[in-house]
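Peer 1: Provided herewith is a single structure, encoded as structure tokens, for subsequent inquiry.
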Amino acid sequence: AILARDALVKTIYSRLFDWIVGHINRALHSSAKAHKFIGVLDIYGFETFQINSFEQFCINYANEKLQQIFNMHVFKLEQEEYVREQIQWSFIDFSDNQPCIDLIESKLGVLDLLDDECKMPRGSEENWCQKLYDKHLNKSQHFAKPRLSRSAFIIHHFADKVEYQADGFLEKNRDTVLEEQVNTLRASQFQLVSALFMEETEDVAPGGAGGRRNRSSSTTQPVRVQPKAGSKQNKKTVGSQFRDSLCSLMDTLNATSPHYIRCIKPNDLKEAFLFEPKRAVEQLRACGVLETIRISAAGYPSRWTYPEFFQRYRVLASSRHIIKHDLQKTCEVILSALIADEDKYRFGKTKIFFRAGQVAYLEKLRTSKLRACGVMIQKHIRGWLQRCKYQSIRNTVLLVQRFGRGLLARKYATHLRRMRAAARIQAVWKGYRQRKMFKSMYSAVVILQAHVRAMIARRYYTDLLRNHKALVLQKNIRAYLQRQKFECVLRGIILTQCNFRRRKARTEYKLLKMEARSVDHIKQVNQGLENKIIELQQRLDIQTKQAMQVKIVEAEVVKMKEEIDRLRNVEAVVQVSSNKVVDMEVKGIIFFIYIFFLTIFLLLSFCIFSFLSVLLSFLSVMKNLYKENLALTEKLEDANATIKQMEDKAEEVVKEKIAMANKLLIEESELERSHHQKLISEYSHLQQRFNNLQEEMQNLTGKRKGHRHTPSDTSAISFDSENSSGAEVEQREDGDK
């Protein structure tokens, strides 16, 4: 059933394909008579898999036939052309695959024996393989038998040897469609399906496994189904149909001029930018390209006719070697002069044949010759152009020189007149400029003296102000240090008092615990506890006041920092003022020196003695001012360093004392709080015991004489409980210690 289904599908596909091709041909049909045509044949390449069956056999058979055509056109026709041209040529043997084709398609070949086995009623693949072994094993060099199999055979194709598995060959070769299936499809309601099975003029034939059958006419003719026995006799197998189709294709190719395009897959993964050299070499060997390259390398792949060669390479020959009425002789002379090895080329009747690489060598010589000729032509043309250009430039230069010399003479005369007038103008201008310079220098000296005197006064005022601020700063810092010392002593005294009071309280607490064991002292204990709570509350208030004092001290520290920042700002202002004074001094010195030298240069005749005295006095004043400035700068730096050190020490002392005070206050408050909580808990415990004792006393007074032993037991129990509670309190106190 599966084989019948597959055969029916192949038949439907084959007829549908033929129907489409027929419609396309009718649509493209032209009324004009066709003399030539262009056909494209695209087939699979040589196939060899791990398991090869009837499909691979047909494809490799077709490749064998096409390789034979390729050998005929490439090798045989090439050698025939050498023979036609009558050149010396040693024939090269090439692998002719005609014996392999005869093994497949000849009488008693593979296909013939396969058809005979298909006609047998009980034919099988084993019988068919045995017939192949009997007929061709050890008789044909292209046939072989596997070692461990009796249902397979090996054929040596031109590309490689392929092992075919005989399983399925008979069924695929028959590929029979049942008459009931064909009648059902012919009676289909779909017009296309019924038309497909009405077009066949013959009986039901094998399906599409062996290829598509050629149609000689596109007309549709109804098929009359013959009886079953007759149809079996007229059926063709897939192998015979495939062989007939290949023969028809070979006739068409032999009648045309084929051009071969070999497609090489770079890899089997269909991945971009991946090239597998081994796989490419296998494909080239399978396609016969390597054999073609070998023949081409051994032969003469390049060729020129005599007129074409003379027209292209006549530039390489001299004119005395050219014989116009005998081009062949001329070409022989040219080649003998250019190529020393006569084996590199051959002269035929109408063509010249070259070995590989010789045409490229001739092209190189031709290109070099043309380049040399071009250089020679360029050299002569450029020389003539440069000579013309030089003559034109020389005439122009002579004309320009004549006019230029006249112009220079006229300019020189004008220059002499201007120089005489300029000398007179300079004399008048220099006198005016010297007078004006003296007046400006005099006014500058007066202004400089006024500025220097003002600078000295400002510096004296700055020194007084700085001394006053230093005194104020020292007073405040000393007061701050004394306050800090007093506060430190005060905190130590308070701490000592707290320790003493704490020890005293512990002693009193122990006494109170001992007294608390007696019922009579419970009220007194309660009163003492209340007094203790009040005292602890007062001490807590004192600690709060001390914390407030610490905050006040911190506020004073902040004020002192602000005062220090203000003093720093004042110091920065003083520094800026001193820098300005120094800049003014330097500028004044430079300006004064400049004025001094100008004055000496201009007024040396009438003011040299007076000006020298003024200069010396001014220099002495400036020297003293400079020394004072250096001294003040050093003092200012020392004061800044001292202030910074005192400030750092004060900040560190304040921080340490504040941290210590905070730590002591926190520890004291925590300790007092814990003691307060313990006292409260003990007080509540004693109060509860007191209430319990009162209830027991009331119970004892209300009972009879017969039960008087009970109070003694109760008192003993209460006494034990008091002892245990007192022991617990002592253990807690020891734990606090």
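Placed from the backbone N, Cα and C atoms, the Cβ positions cover glycine too.
No curator has checked TrEMBL annotations; they are predicted automatically.
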Peer 1: What range among 103-154, 519-570, 623-674 does TrEMBL record as coiled coil?
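Peer 2: Comparing 103-154, 519-570, 623-674 with TrEMBL, coiled coil matches 519-570.
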Peer 1: Can you break down the region 'Actin-binding' (246-268) into helix, strand and coil residue counts using DSSP?
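Peer 2: Tallied per class, the region 'Actin-binding' (246-268) gives 9 helix, 0 strand, 14 coil.
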Peer 1: Averaged over the domain 'Myosin motor' (1-367), what pLDDT does the predicted model reach?
Peer 2: 81
